[in-house]
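According to Swiss-Prot, the protein carries these features:
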- Cys278-Cys335: disulfide bond (DISULFID)
- Cys454-Cys478: disulfide bond (DISULFID)
- Cys534-Cys587: disulfide bond (DISULFID)
- Cys612-Cys615: disulfide bond (DISULFID)
- Asn60: N-linked glycosylation site (CARBOHYD)
- Asn435: N-linked glycosylation site (CARBOHYD)
- Asn549: N-linked glycosylation site (CARBOHYD)
- Asn604: N-linked glycosylation site (CARBOHYD)
- Asn664: N-linked glycosylation site (CARBOHYD)
- 165-229: region 'Interaction with gL' (REGION)
- 19-682: topological domain 'Virion surface' (TOPO_DOM)
- 683-703: transmembrane segment (TRANSMEM)
Amino acid sequence: MQLLCVFCLVLLWEVGAASLSEVKLHLDIEGHASHYTIPWTELMAKVPGLSPEALWREANVTEDLASMLNRYKLIYKTSGTLGIALAEPVDIPAVSEGSMQVDASKVHPGVISGLNSPACMLSAPLEKQLFYYIGTMLPNTRPHSYVFYQLRCHLSYVALSINGDKFQYTGAMTSKFLMGTYKRVTEKGDEHVLSLIFGKTKDLPDLRGPFSYPSLTSAQSGDYSLVIVTTFVHYANFHNYFVPNLKDMFSRAVTMTAASYARYVLQKLVLLEMKGGCREPELDTETLTTMFEVSVAFFKVGHAVGETGNGCVDLRWLAKSFFELTVLKDIIGICYGATVKGMQSYGLERLAAVLMATVKMEELGHLTTEKQEYALRLATVGYPKAGVYSGLIGGATSVLLSAYNRHPLFQPLHTVMRETLFIGSHVVLRELRLNVTTQGPNLALYQLLSTALCSALEIGEVLRGLALGTESGLFSPCYLSLRFDLTRDKLLSMAPQEAMLDQAAVSNAVDGFLGRLSLEREDRDAWHLPAYKCVDRLDKVLMIIPLINVTFIISSDREVRGSALYEASTTYLSSSLFLSPVIMNKCSQGAVAGEPRQIPKIQNFTRTQKSCIFCGFALLSYDEKEGLETTTYITSQEVQNSILSSNYFDFDNLHVHYLLLTTNGTVMEIAGLYEERAHVVLAIILYFIAFALGIFLVHKIVMFFL
C-alpha cells in the first residue's frame, strides 16, 4: 500500500504579524481522501516547543527534483534483499498464576516475601526506566539526513571509541529498533559513516522521499529486517576492512533469546580479550561485528520488554537477562572502555536487593541449584542497591563450598556446576574491582576453594574449551584462584593431546589462559589477604593457601617474612620450593623468618574414617620436575574420607610428594599410609596360621600312632 501524505501549513495574518493558527491535513490513501484540521494551540500543548519554521525546513518540500535525484544516487542500495525463513522464539515466558505484580517505580521492602514467591514487573514503568534518556536517535547529519527525518526520543545507547576519536561506534536503541553507527576519520580528515538498523519492519523509522526500505534492506525474515544506511563512497571505504556475514548476524539476532544472545556475545568478548584484542583492538570484521552484536544484546532485552505492551514481565526472566547484560557491560568497559547509558532499571535493582535481604546468605549453598542461580543473579543485578557487600560474597562462598564438598576430587567441573559458579563469581569480581572488600574470611575461603578446584584435569578442560571456542573456556575457578605458578610450558604440558585439537589452537588457548591469569587484573590481586603485607615480591609467589589462623605462602625464594620457613630442597630437584606460614597474619620482624627448616617425613600416616582429624588442613602435591600440582582443602569428613579412600596418593611414583599443611603452621610430608585396622587384619592372619598349624600337628600326631 502506497501512502501519500501532504501537509498544508496555512498562515493567517493578524495585525501585520504572521502567526500559525491551525494545521490542515489532507490524507490520500489509495484514492480515499480524508481532511483534518488541528488547532495549533492544541498541537503545541501536546508537543511543547515545536517550531513551525523548523518543521518547514525539515520537511524540505521545496526541494527540486534534481537535488532529490542527486541525494538518491549518493545513498548505497543493496543488490537485493536476502529473504530467510527463521523461527522467532518466544522469549519472555508466561507469568505464573498468582504472581505478584510489581511497579518498577514503587518498590519497597516487603513488596515480595521471598525467593519462592512468583513475581513479575509491570512492563510500562519498566520500559520507561530502561529508556529514560532523551537524545537524538536520527541526527541531522549526512548520510542520515538524506534518508531520515530528525528524531529525538527516549533511548539507550552503547558508545565506544578506538584510536582516540578516530574510530567511534554508537549503538542507539529504542524499544522498537536499533541503529548501530560506525564513524571513522581517516588520516586526511575524511569522515566515513555506515549504519546498520535492526528491528521489526513495521516499526522502523519513516523515510524521506524518494527512499523505500526494500532498496536498503539486506536481510528480512517474517517481522524483522536488517538495513544498511550509508553512501556508495563510504560503503566502499568500509568494505576494505569490514565484510560482515549479514546472514549469520541477522539469523542469530532473530532466532536466539535475549539471554542466550547476550551469552553468545559475552563468550566472543572473553575469547577476544584472551587473545589480546582488548589491548590492541584491530579494525577488522570480527571486531566491528562484535561491536554491533553487543548493542543487539542490549536491544533484544529492551525490545522484549517493550513487546509485552501493558503486560507483566516474569522476574526470573529479568534476573537472567539483566545478569547477562551486567556481565556484558563489565567486560566491554574493561575491554573497550565502552559507555552504556540506559538499559538500567533502578526499580529492578531495588527489587533484587529487597529480595536478597530476605535470604540467609550463609545458607545459600543448601538451596537447589535453580534457586542458587536465581539468588546469585539477583545479587549481581541488585548489587548497586545492596548496601551491605560482605553478605553477598558470603552467599557466593556458601554456594562454592557446597559445590566443592560434592565435587569428585580432581575432576573438571561439569556443565551445570560450572554455570552456577560462573554466576556466583561475578558477585566476587564486582567487590574486587570496586575495592570494597574488607579483610574478611569469606573472600579468603572463596579463593582457597577456587585454588583447590584448579586441578590439572580442570585446566585441561578449560584449554580444550578455549581451543574449540566452547563455553567451558568461559569460566574456571582457576581465574579466581591463588595459583601463580602456571607458566606457558606448564600449561602446554597440561593441555589435552587429542587429534581433533589443532596445535595452533591449543597454543592460542594457552596464551589466552595466561592472559586471563595476568597479575595486572584486579581479580588476581591478593591485596585483601592480611598476609599480603609479608610479601615483598608477588612475582616470586607460586601459590597462597589461606587456612584458619595461618596463611601459607609458597614461593621460589625465601624473601617472605613469615612466622617460619620450610624448604623442600632435599627432594625438589628442578628449583627451590619454600613454604612460609604466616600465623595470625603476623609477619616476622626480620627480613626473613630465619634459616629454613627441613620438612619432616611421616612414613606411616594413619588412615582413619571415624572422625575428621584433618578438617581445616590442606594437602599440597608437587612433582620434582613439573613443580606444584594441586592443593586440596579438607572441609569435612566426607572430603577427608574421599581422599583417604581414593587413589589420591601415588607412593609408587617417587617423584611426586605430598605435604600436609596444618592450622598451627606445621608442614609434614606424607610418605606412606598406615591402615588403622591393620593390626586387626594381622591378628586374624596370625590366628588362621596358628589354627592351620594346630590342625597340621594334630594330623601328624594321629598319623604317628596309626
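Numbers here mean position along the shown chain, with the first residue as 1.
Every residue, even glycine, has its Cβ placed from backbone N, Cα and C.
Helix, strand and coil counts under DSSP for the region 'Interaction with gL' (165-229) come to 6 helix, 38 strand, 21 coil. Counting only same-chain residues six or more apart in sequence, the Cβ atoms lying under 8 angstroms from the Cβ of Asn664 (N-linked glycosylation site) belong to Asn549, Val550, Ile583.
Between the C-alpha atoms of Cys615 (disulfide bond) and Cys454 (disulfide bond), the distance comes to 20 Å. Neighbour count (other Cβ atoms within 10 Å of the Cβ, all protein chains): 23 for Cys454 (disulfide bond).
Taken residue by residue with DSSP, Cys534 (disulfide bond) is part of a helix.
Note: the CA-CA distance between Cys454 (disulfide bond) and Cys612 (disulfide bond) rounds to 24 Å.
Of all Cβ atoms in the protein chains displayed, 17 besides its own lie within 10 Å of the Cβ of Cys278 (disulfide bond). The two recorded residues, Cys612 (disulfide bond) and Cys335 (disulfide bond), have Cα atoms 46 Å apart.
For Cys587 (disulfide bond), the same-chain residues lying six or more positions away in sequence with a CB closer than 8 A to its CB are Ala531, Lys533, Cys534, Arg561, Gly562.
Restricting the average to the topological domain 'Virion surface' (19-682) gives a pLDDT of 85. Every protein chain considered, the tally of other Cβ atoms within 10 Å of the Cβ of Cys534 (disulfide bond) stands at 21.
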